[in-house]
Ligand SMILES: Nc1ncnc2c1ncn2[C@@H]1O[C@H](COP(=O)(O)OP(=O)(O)OP(=O)(O)O)[C@@H](O)[C@H]1O
């Protein structure tokens with residue numbers, strides 16, 4: 001399966017192998033939910049196309065009546081014969097017969113009046129039904145795109161962190177917004193009316209053959225090269241559109257990267273350099289869009305040209321027949337109108353064609369994302385963690401011969417084997433890039449291990465539902481992420497905690513004072529990414545967030561690094577209370593902060609190099625002792 005980061009070439013080959021029908025079928029389950037509306041839309045097709053096909057006949061009859069070429073009665077008699085061939089119910093037959101008898105006695109002005117009224121009726125029918133149809137199609141379209149957007153969002157959130165490592169955010173945003181929007185456009189531009197256009201063409205062809213087969217045949221034959229050309233341009237347009245979408249993704253990714261890194265951009269004066277990069281990507285996007293415009297215009301131009309040939313052909317062949325009195329002027333007029341009508345739905349089709357092709361490209365790209373396998377799933381037969389009892393303390397973490405690589409065979413952790421006992425406070429230290437944070441990510445199952453087993457209270461983390469695992473393993477990272485919303489909701493994070501519980505958690509972590517000092521206390525609105533809080537303030541909320549969940553294992557990954565010494569001391573005191581009776585895994589670079597832990601695991605290049613208390617490790621005089629001495633030296637300097 002193609003990953004989202006796959007090159008356009010590999011996506012292209014996949015694209016070719018995937019039929020459009022298969023893509024369309026992906027939308028069918030969504031459309032099925034709006035069966036009733038769609039059924040109404042399709043049932044309106046028949047009266048709409050029949051009313052449309054009758055109009056040229058009515059005009060032709062009026063001309064014939066004026067020129068006394070034939071009686072209106074003849075037309076009905078002709079229709080009658082046609083209907084007889086179609087073996088319609090006898091009720092309709094008798095109705096037409098009665099109508100024909102009525103017409104026989106009409107004068108010319110009466111005939112013209114009658115034809116005008118009939119023409120008006122067809123116009124009103126078409127106008128009314130088209131409005132209803134258009135409204136329903138757009139409404140269903142919006143509903144379907146909203147459903148797809150929701151599903152896509154839910155799917156993206158369920159994908160493993162590994163997927164996000166390799167997928168630029170801008171690319172994902174493009175798929176969730178522009179691509180889904182392009183699919184929505186298929187409906188809003190009335191592209192779904194393609195069925196109705198095709199149906200109109202079919203009805204017109206049928207009526208034409210019933211009237212005069214030679215002219216009908218000529219017009220139908222003209223349809224063949226048109227269809228060929230449309231298919232040719234369609235393929236070209238499709239590839240161009242896919243490329244344009246890829247360029248748009250790149251553009252959005254670049255934009256997003258610049259916004260996220262705006263401080264660095266400005267601090268290092270990269271504005272003009274980045275602007276030039278953006279300009280290049282933007283130019284590539286414009287070029288790609290130009291190609292799509294070219295093929296789009298080519299289709300419209302072809303159709304216009306063919307429609308002109310059709311009218312000329314009808315005039316020429318029909319004109320010769322009129323002169324030879326093999327054809328009435330009325331029928332010729334009918335056919336001139338038909339030749340326009342026949343190509344009008346085709347022209348409409350060409351206009352919708354852009355939206356349809358863009359829609360198909362969008363479905364293809366949405367499909368790529370939807371097909372991304374959910375790498376980390378809940379087990380089929382989930383287990384639950386043992387519950388607290390007086391006899392058995394809980395919170396054991398065991399890594400049994402764990403190996404892990406972000407990229408194949410590029411081992412970040414190798415044969416890691418250790419056990420952290422319930423209630424034990426363990427620090428993991430080691431040089432930068434040793435794999436400390438990776439251990440935490442694996443424990444929380446943000447990534448799947450390559451070999452070995454990770455057990456929490458004797459249960460393999462892969463046998464636990466992710467929600468259960470993450471409820472019992474509380475993690476505080478260095479960067480406390482803040483969502484747009486108030487302080488309270490940033491602590492409860494969507495779970496049902498009362499305000500009292502939130503306040504209690506804040507008190508417990510000594511952060512209540514800070515929150516109460518905010519303009520609206522717990523109701524203070526925080527901006528996206530917490531831009532109206534300092535790094536340390538965000539961290540304080542992260543502590544309250546962990547405390548309220550009452551986890552049996554608490555992981556602190558450089559959690560106090562961004563706090564000032566005073567705040568750190570206040571939090572440290574609260575932390576000690578919080579950690580009572582819980583297992584703690586602490587990652588810290590400042591070794592002075594972890595001197596009091598029960599045990600220190602020293603990690604080096606993914607291996608467990610040393611393990612023991614501070615004193616034991618100092619005595620061993622190994623990696624830890626040298627790191628510690630180096631830090632002491634650093635502090636003295
Ligand atoms: N998402 C990722 N994709 C690929 N490689 C990664 C990823 N995250 C980390 N690595 C690599 O894995 C190794 C271990 O990273 P990890 O973050 O676990 O180290 P660490 O010991 O926590 O480092 P630090 O002390 O700097 O936080 C590093 O060499 C890093 O380059």
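Count begins at 1; order follows the chain as displayed.
Note that Cβ sites are derived from N, Cα and C of the backbone, with glycine treated the same way.
Heads up, TrEMBL stuff is auto-annotated, nobody curated it.
Predicted, not measured: the structure shown is a model, and the values here were computed from it.
Within the listed segments 138-161, 162-185, 186-209, 234-257, TrEMBL records transmembrane segment for the stretch 186-209.
Range with TrEMBL annotation transmembrane segment, chosen from 82-100, 215-233, 272-290, 291-309, is 215-233. When TrEMBL is compared with the stretches 112-129, 310-327, the one noted as transmembrane segment is 112-129.
Distant neighbours of the transmembrane segment (112-129): 44, 47-48, 51-52, 54-55, 58-59, 61-62, 65-66, 72, 103, 106; these residues of the same chain sit at least 6 beyond its ends, with a Cβ under 8 Å from one of its Cβ atoms. Across the domain 'ABC transporter' (397-630), the model assigns an average pLDDT of 87.
Only residues 6 or more beyond the boundaries of the transmembrane segment (215-233), in the same chain, are considered here, and those with a CB under 8 A from a CB of the stretch are 201, 205, 208-209, 295, 298-299, 302-303, 306, 309-310, 313-314, 317-318, 335, 338-339, 342-343, 346, 349-350, 353.
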